[in-house]
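K.L.:
According to Swiss-Prot:
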{"type": "ACT_SITE", "residues": "Asp11", "note": "active site"}
{"type": "ACT_SITE", "residues": "Asp130", "note": "active site"}
Amino acid sequence: MLAKRIIPCLDVRDGQVVKGVQFRNHEIIGDIVPLAKRYAEEGADELVFYDITASSDGRVVDKSWVARVAEVIDIPFCVAGGIKSAEDAARILEFGADKVSINSPALANPQLITDLADKFGVQCIVVGIDSYYDKDTGKYQVYQFTGDEERTKATKWETRDWVQEVQKRGAGEIVLNMMNQDGVRSGYDIEQLNMVREVCKVPLIASGGAGAMEHFAEAYQKANVDGALAASVFHKQVINIGELKQYLKQQGIEVRL
């Protein structure tokens, strides 16, 4: 059985790590490189970096820090933010990232998923999906430009349909960002994860809502996700990654120690 992954997520804005609640009101957490190094040393399996305003600003991830991160960590990392072409992706991979993740650009141009998968292989193409539960309609809707409060908007896609579409086009992994839970620390949306898991045949990463160690265990045991991503609980040292892995092991969950 493949080990379940623990993935700290670092939202980057203007060269610093920031964190919001439900994608709003971001506060500065600190510098990118020391934080990345700390997580690698604590036992993270992988890191994900989101340049959260790159897509809405119409630019690509600022590359200077990607190379600096690659120099100090020896675990895989994924970079997202405004990647609109194979050239953009190639540059980030050349700087040392192991994977690239696309979100809003994939919604604008779904063919991009196929182009990147064909050129670099599906194993390094991740699609991020920002999913919002609309209480009025009872539906999970895909949103885009979520890094910019003024431009965030619903798309025509329902989450389940978009999950199927991106797989058809070559996504090698899916990160499901559950917007209602983001930064609230009340647990992952297990119901939504199960709905997506039914149609998701590639690795599925849960994102949004982790507040306690048992939330990670729930996501693995009740929704069979391949990895769980979290930010605020790690940034604010509410949960130590090494201790989390020991806890998960005690729950009978396969993790890399």
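Glycine residues also receive a Cβ, built from the backbone N, Cα and C atoms like all the rest.
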K.L.:
Could you work out which of the active-site residues (Asp11, Asp130) has its C-beta surrounded by the smallest number of other C-beta atoms within 10 A?
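P.N.:
Ranked by other Cβ atoms within 10 Å, the active-site residues Asp11, Asp130 bottom out at Asp11.
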K.L.:
Work out how many Å separate Asp11 (active site) and Asp130 (active site) at their Cα atoms, rounded off.
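P.N.:
Here the two Cα atoms lie 14 Å apart.
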K.L.:
According to DSSP, which kind of secondary structure is Asp11 (active site) found in, if we only use helix, strand and coil?
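P.N.:
SS state of Asp11 (active site) = strand.
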